[in-house]
Amino acid sequence: MNHDIVTTTDNIVILVGINFGKKDKESLAELKELALSDRLSVATIVEGTRRQPDPATFIGKGKLEEVRQLLVQTQATTVIFNHELSPIQQRNLSLKLDCRVIDRTSLILDIFAQRAKSHEGKLQVELAQLEYLATRLVRGWTHLERQKGGIGLRGPGETQLETDRRLLAKRVELLKEKLAKLGRQRNVQRRARKRSEMMSVAIVGYTNAGKSTLFNRLVRSDTYVANKLFATLDTTTRRLFLPERGLIVISDTVGFIRDLPHTLVASFRATLEETVYADLLLHVVDASSPNREEQINEVNKLLKEIGADSITQILILNKIDRIEEERSASYIRDEYGKIIKIRLSARTGIGLDYLYRALMEAFDHNKNKLGQHAVTSVNMNDSIRSTVINNEED
Ligand SMILES: Nc1nc2c(ncn2[C@@H]2O[C@H](COP(=O)(O)OP(=O)(O)OP(=O)(O)O)[C@@H](O)[C@H]2O)c(=O)[nH]1
Ligand SMILES: [Mg+2]
């Protein structure tokens, strides 16, 4: 079911990004990262400015011709738009350019399809792909036709389009049922964990921020780390022993990205539920990225969407080893004494002790919240307080 989705490796692509009013360099750079993460090779990037999208071809005649010539010159086989295209625009472009035309959403879907490892993850991706495809099923653009051959599938009096819609709806329903079942199993496990009163911590953040690296550091595991967008797709949960405290559970989660396709947000809700039920979020940010403020906002926006915005957060400014001006680790507390921000490097390990301290304090706080006494009370003496460094740059 991968018609709109690039699956060939070594595919040469052209990227197209149009500015409507304000320039958006970052978003186009990110599209390039996404393409590279999908093992595509980017031949060239076409930019343009328009007041509004052309209803038929999105980019209009002039740009269309430019892209057509570039396709010939570069031997690219696919054009990726940094926008959502309407099904009609996508069809027109594909016919006029005589190549495969996809948008940002299907590129992300494709990456997800390649990375999903667990049974549940795969089902979620398939569901997202089908839901995306469902919006593209328009007359003269029926994808299932070619794949299934149609023989014996069409009900009496049904057009191919109707058959496609029916088959699709059936599969979507089946997938939803399966996922619901898996979700229930997950709930049982979660309840068991709650009963054992283990504190649960979820590592969240923008894609490529270093979540898995931090997770591995903490639990000494070997979760897949890569300089790719969406290296991690399935939530991994491990137990972590906090010295002098006890066991907590910690989860590594799928990375967030701006304008995450809504079909994916919905499909990954189950995976992200781990986040919703956490007692504490470690919000990891690539502090060396020029876009970090925007990325923080994006993540918070998505956390709100999944109902996780009221959970206590510690902002982890990661990758400080990459920042010339300020390589030292530090942390700051809010006016109630809670650690709310830590600068560290998951790669070098500098600042990790601050994170352990924050986790221990959260552990004790959590115990108290549950109406019990902490196993060991925190020794908040002056020597610890005096190590607080308040040299935050913002
Ligand atoms: N210099 C430096 N690089 C880091 C640090 N932490 C992670 N990285 C690198 O950043 C890249 C992404 O790391 P991951 O841990 O896979 O990031 P992630 O947030 O899990 O990414 P996704 O799963 O794709 O969302 C890898 O190349 C890491 O080696 C750090 O503290 N310093
Ligand atoms: Mg990861």
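Backbone N, Cα and C atoms are what each Cβ position is placed from, and that goes for glycine too.
Marked as GTP binding site by TrEMBL: 205-212, 230-234, 252-255, 318-321, 345-347.
In the three-state DSSP classification, Ser212 (Mg(2+) binding site) falls within a helix. The Mg(2+) binding site annotation in TrEMBL covers Ser212, Thr232.
Per-residue pLDDT, averaged over the coiled coil (165-192), rounds to 86. Look at TrEMBL and you will find 165-192 tagged as coiled coil.
Under the heading domain 'Hflx-type G', TrEMBL lists 199-378.
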Filtered binding-site residues, from Gly205, Lys211, Ser212, whose Cβ is under 6 Å from an atom of ligand 2: Lys211, Ser212
Around the Cβ of Val254 (GTP binding site), the count of other Cβ atoms that are within 10 Å: 26
Fewest Cβ neighbours within 10 Å, where candidates are the binding-site residues Lys211, Lys319: Lys319
Rounded inter-Cα distance in Å - Gly205 (GTP binding site), Thr232 (Mg(2+) binding site): 12
